[in-house]
Amino acid sequence: MLARPTPRGGGLARRRAGPRRPGGHRRRQLRRRVPDPGASSQKALDQLRMTFPQAAMSSSTMIVIAPDGRHITDADIKSVVEDADAKLDEIPWVDSTQTPYNEYVSGLISDDGTAGLIRVNILDASVSEFTDPQREILLEAGEELQAAIPGSTVHVGGEVFSVEMPHITPVEGIGVVVAIIVLIVVLGSFRAAIMPIISALVGAAASMLLIIAAAGIMPINSTTTMLALMLALAVGIDYSLFIVSRHRDQLATGMDAEESAARATATAGSAVVFAGMTVVIALVGLAVAQIPFLTTMGVFAAVAVAIEVALALTLLPAMLGFAGAKLAPKPSKKPGRKKFDASTWWVGVITRFPAVTIAAVVLILGALSIPAQNLQLALPNSGRNAPTATDRITFDAISDRFGVGYNGPLVITGSIVESTDPLGLLDDLKRDVEAVPGVKMVAMAVPNPNADTAMIQVIPTTGPDDPATSRLVHDLRALEPGWKAEHNVEMSVTGFTAIAIDVSDQLGAALLPFGIFVVGLSLVLLSIVFRSILVPIKAALGYLLSVGAAFGLTTLVFNQGIGKEIVNLHDPQPIISFLPIILMGILFGLAMDYEVFLTSRMREEYVHGNRTNPTEAGFVHSAKVVVAAAIIMIAVFAFFIPQGSGTIKPIAFGLAIGVGIDAFLVRMTLGPAVMRLLHGRAWWLPKWLARRMPVLDAEGEAITHQLALADWPYPGADHAVYGEGLEASDGDVELFSGIDLDVPRGGHVEVDGPPAARRALLLALTGRLALTGGDLKVLGLVLPQQAGQVRRQATFVDATDPDAAARLADPAGELVVIDDADRLDAAGRDALARLNERPDITVVAGVSAADDTAQGLTPRATNSHPAPAGVDDSVLVGGAA
C-alpha cells in the first residue's frame, strides 16, 4: 500500500527515534515507474510527500501466512511477528513499520485470520534507488521470521522489489546471428556481411553508454535502454545493408573500389538519411503526448537511430574503402540457363489481377485489426512480472489471501487546515467513500501530525490494472465538488495506481493527435519525394492497415492469451499503455523506409520511359534487398520477445509483427497491385503544386544524375554549354521543348523565339531556372545539381537594364548570357563586341525574332570545336546558322 502514516498521539506505526541514514549508494536513475508531472494524481502525491512524507514513502511488504490450522493472531505467533518487526525497525534505512496488529490501520489481517501484512517504510529512497544489498537484508529478515514460526510461509515483496532493470540475455544475440546468416545469403560474402553488423554494434554500444551516462544526471525509464538497443541494432544493420548492397552492385560493373564506396554512400546514403530522419522525427514526435518519460524515451531512441545513420555514412564507408576490391562479387561460373527469380514471379502474380490482390490484402488486414477494438492497456505492476519473481510471488499471495485490491490501493488526500474538527471531517469523508461501488474498505482515514493534511486509504474490490478500478477512480473524483461545497476542502485521488490510470488516460488521448501527426507527415514527405498525390495516400492507408493489424494480433496474444506460449507469456495481461503510440511512431518511420526504397525504383523506371511495366521492373530491382532488410529487422525484434520484461515483450512483438505485415503484405503485395492499377495516374501532380513544392532527393537521384553526366557527351569533352532535349514550362503552358545546344568554349550562340520562352532558356543556362526535362552541362558543371557553381561563373544581363554595359564590360565568369541583345545601346554593343573578341569568354545572346509568335526557339551557332574522331557532332534543333 502507499500510505504509512506516523502516530497521531501514539502509534499508527512503530518508528525509531534518532537520526536516520539512507541506505546504500545512489544508483543510476533507470526507473520502471512512469510519473506524469501534469497529472492531478502526481501533483497530489508530490504535495503529500511534502506535508505527509510518511504516507508517501516507498515500502516493502511482508505477508506472513500462519501454519495450517493456526491464526496470525495466536499469541505465540503474534509475539514472534512483533519481535521481527522490532528488528526491522532497527535497520538504519527503515523509517517505520506497521504490524498486522496495528489498531489504527484496518485490513492488515486477512478475513480468515490466517495471514497478516507487515509494512516496512523505506527512508529517503525512491523505488529505483533501492539497492540489491538492501533487498537481501529484507529477504533474510523474512527467512528468519519464517524459520521462527515452524510451518509458516513468509513472502517479501512490494514496491522496492518491483523494479525490473533491463538486462541482455544470449537469446537477444540470436537475432544478430540470424542477421549475419541473411546478410551472407544476400551479399554472398562473409566479409561483406560482417560490416553492417560491426557498424550496428558500435552504434548500439555508443547509444547504451550515452543512456547510462545520462541516467546519472536525470531519471530515465528502464524501458528506454532496451527500446533504444532494439532500434539501434535493427536500423543499423538495415541501413548499412542498403549501402553495402549498392557498393557491391557497382563493383560488379568494374567500378574502382574507392569510387564505388563514395558513390554508394552518396546515393544509397541519401536513402539512409531520409529513412533515419523519418524515424527520428516520428520518435521525437512522441512529445505530442506531453508525458515527460515518453518524451525522454523517444528522444534517446531517436539519438540511437541518429548515431546509426552517422556510422553508416562514416565508419561503414571507411571499412568499404579498407576492404577494396575484395568485396567485388565473384563472376558466375555457370552462365547459360536463366535462373528462377522469385521477385519476378511474385510481382507477376500480384499484378495480374491487381483489384483481386488489393481486395484480398485489405480484407485480411481488416480482419486482423478487429481484435484491436478490445485492446486493454495498463502500466506495469508486480502482477505482470514472471511468476517466479519475488515481487510477483508476494503479489499473488496477497491477492489470494486479501483480495486483488490490496495490491493497488488508492489514496485520497487534501488540505484540511481550515477544518475545526479534522477527525469528524474524516469520518464524514470515509462514509462517503465507503458508499461508492467498487470500494472494498477504507483501510485508514487519518490526518498528519500537524492536522493540516488528510489521508484516506481506499482498498478497491478490483486489481490495479482492471478497467473497473479506473472507473472507481473517476467515481471518487466525482465526489470532490460535493466535498468542496459541503466541507470547503479540496481533495484529490492519488497513489501509484491512480497515477498509472491517469498516465494511461493521457496516452490514450494522445493517440489521435499523434496519428494525425504521423499520417500528415507521411503525406507531406512522400508527396515531396515522389512528386505525386496518389502514391502518398496509398502509402498512408497501407501504414494504417499495418498498424491496425499489429494492434489486433498483439491484442489476441497478450490480452486474450491466444498463442501466448509462443512469446513465453504465462497469463493473458493488459498491454503496456504506451505501446500504441510507440508502435505507431516506430512503424511509421520503418514503413516509409521500405516505401521509398520500393516505389522510387518504380518511379525511376517510369520517368526513364518505361510505360509498359514500370511497377514490375522497379519491384524486381529492389525486392531482394527489401526482403533481406525486413527479415533482419523482424529477427532482431523477435528475439527480444522470449526473455523480454513485461514491458519490452509486447513492444518487441508488435514491432516484429508490424514490420513483417508492412514489408510483405503492404509494401510488397498491396503496393505493387495499387501501382499497377493506377499505372501512369500514380504520378499525377497538379503543376501549380509542383512549382511550389520543394525538391527532396531521398534516393540520391541528384548525385546519380551528376555522376552519370560526368563524362557526357563523351570523355574529354570541353563544351561551354551542352544540352539535349531541354524542356521548360510555366504551369500548364509549355515554353519550349526538344532544344539541343552545343556551344564550344569561346564561341557564341544566338537564341531567338517568344520572349518568355527565350528568357526561360537563358535563365536556365545560368542556373537560375530549373528545367522540366533534358540534360544540360554548363562549363563542365551538371545542372541542376551544380547550379550554385554555375551561377558564380555565369553572368546574366538584361539588355534593358541601365547598368547592362558596365556588367558586360566586367563579367563575373567565363559565360555571359544576355537577353534582348539587339536592344543594347551603343555602349552595350561596344562592350559585347569586345567580349566576342575574347577567346576565354563564351557568349549566349537572346535576340528578338522577326515574328515573336513563332513556335519554339531557334538556336544559331557554329561549333568551332568538332568532336573527336568516332564521335558524332551535335545536331541543333531548329536549324544551325
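Cβ from N, Cα, C; glycine included.
Under the heading compositional bias 'Basic residues', TrEMBL lists 13-32.
Per TrEMBL, domain 'SSD' is recorded for 211-322. The helix, strand and coil residue counts that DSSP assigns across the domain 'SSD' (211-322) are 98 helix, 2 strand, 12 coil.
The region 'Disordered' annotation in TrEMBL covers 1-42 (among others).
Annotation source TrEMBL lists region 'Disordered' at 855-881 (among others).
Feature annotation from TrEMBL assigns transmembrane segment to 173-190 (among others).
The feature transmembrane segment is assigned by TrEMBL to 197-220 (among others).
Taken from TrEMBL, the feature transmembrane segment covers 226-245 (among others).
The transmembrane segment annotation in TrEMBL covers 266-293 (among others).
Per TrEMBL, the feature transmembrane segment maps to 299-323 (among others).
Taken from TrEMBL, the feature transmembrane segment covers 344-370 (among others).
Residues annotated as transmembrane segment in TrEMBL: 510-530 (among others). Residues 274, 278, 281-282, 285-286, 288-291, 536-537, 539-540, 543-544, 580-581, 584-585, 588, 592, 595-596, 599-600, 603, 683, 685, 693-696, 698 of the same chain sit 6 or more residues outside the transmembrane segment (510-530) yet have a Cβ under 8 Å from a Cβ within it.
Feature annotation from TrEMBL assigns transmembrane segment to 542-563 (among others).
Residues annotated as transmembrane segment in TrEMBL: 575-598 (among others). Remote same-chain partners of the transmembrane segment (575-598), defined as residues 6 or more beyond its termini with a Cβ less than 8 Å from a stretch Cβ, comprise 34, 223, 227, 231, 235, 238, 242, 271, 274-275, 278-283, 285-286, 289, 291, 294, 297-298, 301, 305, 375-380, 500, 503-504, 507-508, 510-511, 514-515, 518, 521-522, 525-526, 529, 539, 542-543, 546-547, 550-551, 554-555, 558-559, 618-619, 622-623, 625-626, 629-630, 633, 646-647, 650-651, 654-655, 658-659, 662-663, 666-668, 671-672, 698-699.
If you look up TrEMBL, you'll see 619-641 (among others) marked as transmembrane segment.
Per TrEMBL, the feature transmembrane segment maps to 647-666 (among others). Counting same-chain residues at least six beyond the ends of the transmembrane segment (647-666), those with a Cβ under 8 angstroms from any Cβ of the stretch are 32, 164, 166, 222-223, 226-227, 230, 361, 364-365, 368, 380, 542-543, 545-547, 549-551, 553-554, 557-558, 567-569, 575-576, 579, 582-583, 586-587, 590-591, 594, 626-627, 629-630, 633-634, 637-638, 640-641.
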_Mean predicted confidence [pLDDT] for the domain 'SSD' (211-322)_ = 88
_Of 226-245, 266-293, 299-323, 344-370, 619-641, whichever stretch has the most CB pairs under 8 A to the transmembrane segment (197-220)_ = 299-323
_Feature contact check the transmembrane segment (619-641) with the transmembrane segment (299-323), CB under 8 Å, 3 or more pairs_ = no
_Beyond the flanks of the transmembrane segment (266-293) by at least 6 residues, Cβ under 8 Å_ = 31, 34-38, 219, 221, 231, 235, 239, 242-243, 245-247, 299, 301-302, 305-306, 308-309, 312-313, 503, 506-507, 510, 513-514, 517-518, 521, 525, 529, 578, 581-582, 585-586, 588-590, 592-593, 596-597, 600, 696-700, 703-704, 707
_Cβ contacts under 8 Å made by the transmembrane segment (344-370) with residues that lie 6+ beyond its boundaries_ = 545-546, 548-549, 551-553, 615-616, 619-620, 623, 661, 665-666, 668-670, 672-674, 676-677
